[in-house]
Structure formats: C-alpha cells, structure tokens
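*Asks:* Here's the feature list from Swiss-Prot:
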type     : residues                                                                    : note
BINDING  : Lys23, Gly97, Arg125, Gln172, Arg345, Arg387, Lys412                        : phosphoenolpyruvate binding site
BINDING  : Lys23, Ser24, Arg28, Ser170, Ser171, Gln172, Ser198, Asp314, Asn337, Lys341 : 3-phosphoshikimate binding site
ACT_SITE : Asp314                                                                      : active site, proton acceptor
Amino acid sequence: MSSALTLQPVRRFSGEINLPGSKSVSNRALLLAAQARGVTRLHNLLDSDDVRYMLDALKALGVRYQLSDCRTRCEVQGLGGTLSAHGALTLFLGNAGTAMRPLAAALSLGLRDVILTGEPRMKERPIAHLVTALRQGGAQVDYLESDGYPPVRLHGGFNGGEISVDGSVSSQFLTALLMAAPMAAEETRITILGELVSKPYIAITLAMMRAFGVEVENHAYRHFVVRGGQVYQAPSDYLVEGDASSASYFLAGAAIAGGTVRVTGIGRHSMQGDIHFADVLEKMGAQVEWGNDYIACTRDSLHGIDMDMNAIPDAAMTIATTALFAKGPTTLRNIYNWRVKETDRLAAMASELRKVGAVVEEGTDFLRIEPPAQLQAAQIATYNDHRMAMCFSLVALSGTPVTICDPGCTAKTFPDYFRQFSALCHPR
C-alpha cells in the first residue's frame, strides 16, 4: 500500500461485514494450544503482523503446526508442557505486546536462555511490573538495555508461590502470569496492587484457560489462586471470536453516516469487553440491535458523553473520532494506559484531532473533545499505530476528504481494513 491514502467524502455508510479474528484471542489461543496435551484446530485465526510474530516464535521453540493457505485455520500439535529452547535463542516480536508479555512468562518456566526483543517502540513499552512478579516466583530475568523495558533475557526458574503484581498499567502482565501459573511447580497465589485496568481482558484470559482445561480461583479480580503442576488440555476445535475492537470502526461509521451496518462474528454472548463499545454508541444516541452472532447499528443524532473508558481502552479511541460528529463535548476518562500502547495514544490522538479542527484538552489520563462546526481536510500522522489509521478513516464520513499517512500500519491487526471499509462506503 502507498505511503499515504486519501479517502474521499462518503455520503452513506451501510452494509454487512464478517469480522476477522480477535488479535487478543488469537495469540492467547496459539500459546495455550502450543503448551496443551493433544492437537488443537484453531478456526478464524487472525492473519496479521502480531499473530505472525507469535507463530514465528512458537516455530523457533519447536512447536509444530499446519497453517491453511488463507492463514485463518491452524492445527497445532501441543507439547503437553512448557515451551523450551534448544540452546540460546533470540526471538524478535516486533511491537506485539500480546506476544512479548505472555511469552516472557511462559519462557520463565523453561531452563534455557531466551532473549525477547522487538522494534524500537517495544523497547519503550514497560515490562517491569511483570518482571518483578516473575522474580518473586523465582524467575531469573535480566534487562539487556534499559531497566524496566525489553529486551530481556530469561533464564527460567519460575516456580509459583506468593506473588503481587501492579495492575494499574497493563492487564497483559496479569494475563501472562495467569497463563504460565498452571505449569509452575507450586500453587501460585496472585494479589493485585493498585487498580486493575482493562478488566474485561482478564475475563477473556480466564475463559480461554477454562476452555483449555484449567480453572482459576478468582476473588473479585483482587486475588487469584492457580494450582500448580497442571497441563493444558487441547479442546480439539477452538473458534476465535471476531475482533470486537475492529467492529468499533464499522459500528461507529453507521452511527455517523448510516444506514445500518451489521457486523457478524461477535454478539451478545461475546467474551470480549470491547463489545460494550456498542453500549457507548447507544448512550450517544445511536440505535443498536444485538443478536447471538451479530451487532447492528443504525444512525441517529449523536450527542457528546462524559464516561470512564478504562474497560474498553482500544475501542474508546474510536469514540474520540466519533465525537467529531456529536453535538456538544465528549470527555473520555481513566485512559492513562493509552500512553503505553503502540504509541502515546493520548498525545497522538489530541494532536491529530486538532488538525481536523477540534478543540482538545489533553489531561494525564483523560481527553476532552469539542467538535468543530465543519471538519477540516488534513493529513493524519499514524505513528505506526494501526488504531490511529482506522479511527481517522471515519473523518471521510463528513463532507471532507482525509489523508491517512502510512495506511499499511493496519497490518498489525487488520491488513484488509481499508478494502473492507471502502466496501461499505457510498460516495458523495
């Protein structure tokens, strides 16, 4: 794809889309299947950069799998135990947090030296809270460049026991510990320090561990107990849910310029917290319909809101650009963890919203957006962040064209995004 893509004004946005698999679920499923006893057939696996980094890492660790030509079905021959390296090994994981954090914990159960590294931005994304927790359980972990950040060298040694972990920056640290804990020698008892962010992502982790045969004692998301000495059991077939975060752009498009858009692959029983993005659209005035395997949204007049968005941090970015089309200001609160994602999303979002004419107040953990009377044509910097590119595609639903720089960055989670988006666009 070219280095910039100009989207022309769209008159109407409507249709149906079947969602690609969830990134969060895909990488969890691959790691669980790799360590399980038996064969797991994964269906609707996401084909994206982040998932390819996980697949490449598992292959380097001796995991055997067969990937379909379309890369959405994968048959994994589980190891029936912990991942291990045959000799010293370095794994490059790009900017994939859903690979870096869980693999750091999983490989702390092994005996060989493994180095985990990635792109420059990955080396700016904190991992100290996870490393501190792993060390409490006996793991030997070295920082190779800057303390608290990748790259890290893992020497094994994690046995479980009493562990406390700070949950205030990223839920991925807790997810990593939970997924590794069943294979530790001892029972693992985890206590959460601070406010646990992105709690619905922990619900995903617990549900998936259950699907692979492991139960976790969950005491109000403040304390967790995991029995040691277990082996995950392959569920034979596992269907990866559609990506609820990806659904947000299409549902928002309908709320802004529908028509009606129906997204399939998720529904009222989805385990992903980001399905509640649709509830936020409803609070803003859109009409939403829920089915067992779909969510539909229809346009209505939108108004600004003031809400805590901690439970849906990724989908909340889409509310920031949807706010450009609402009457009155919108305030998104409790979103500090935007700052430690693929880029500092609070700063990036504030900067680009101002380009299209919005008045924006950027706080430490909040964003207040006042929409302009008329959106301005702009060239949007995407900061190598897939969600910035997809969020700002919605600007085209005004009477104004928008140019997206580096549109290919959507390959991280949704390589086909702009083709799918265009298929629902009815030009002016």
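Here the Cβ of each residue, glycine as well, is placed from N, Cα and C on the backbone.
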*Asks:* Are there binding-site residues among Gly97, Arg387, Lys412 that sit within 10 Å of Ser171 (3-phosphoshikimate binding site), Cα to Cα? If so, list them; otherwise say none.
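*Replies:* The binding-site residues close to Ser171 (3-phosphoshikimate binding site) (Cα within 10 Å) - there are none.
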*Asks:* Quick one: of Arg28, Gly97, Arg125, Lys412, which binding-site residues lie within 10 angstroms of the residue listed as 'active site, proton acceptor', measuring between C-alpha atoms? Sequence order, please.
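*Replies:* Within 10 Å Cα-Cα: none.
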*Asks:* Please find, for Lys23, Ser24, Arg28, Ser170, Ser171, Gln172, Ser198, Asp314, Asn337, Lys341 as listed binding 3-phosphoshikimate, the greatest distance between any two Cα atoms, in Å.
*Replies:* 21
*Asks:* Using Cβ-Cβ distances, find the residues under 8 Å from Arg387 (phosphoenolpyruvate binding site) that belong to the same chain and are at least 6 apart in sequence, listing them in sequence order.
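*Replies:* Residues satisfying the criterion: Ser245, Asp314, Met317, Lys341, Glu342, Arg345.
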*Asks:* When a 10 Å sphere is centred on the Cβ of Gly97 (phosphoenolpyruvate binding site), how many other Cβ atoms does it contain?
*Replies:* 23
*Asks:* Using a 10 Å radius around its CB, how many other CB atoms surround Lys412 (phosphoenolpyruvate binding site)?
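*Replies:* Summing over all protein chains shown, Lys412 (phosphoenolpyruvate binding site) has 22 other Cβ atoms within 10 Å.
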*Asks:* So which one is it: of the binding-site residues Ser171, Gln172, Ser198, Asn337, which has the fewest other Cβ atoms within 10 Å?
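*Replies:* Checked Ser171, Gln172, Ser198, Asn337; of these binding-site residues, fewest Cβ neighbours within 10 Å: Asn337.
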*Asks:* With Arg125 (phosphoenolpyruvate binding site) as the reference Cα, tell me which of the binding-site residues Arg28, Ser198, Asn337 is the closest one.
*Replies:* Asn337
*Asks:* Lys23, Arg125, Arg345: which of these binding-site residues has the sparsest Cβ neighbourhood within 10 Å?
*Replies:* Arg125
*Asks:* Taking the Cβ of Asp314 (active site, proton acceptor) as the centre, count every other Cβ atom within 10 Å, in any protein chain shown.
*Replies:* 26
*Asks:* Would you count the other CB atoms within 10 A of the CB of Arg28 (3-phosphoshikimate binding site), including those on all shown protein chains?
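*Replies:* Arg28 (3-phosphoshikimate binding site) is surrounded by 24 other Cβ atoms within 10 Å.
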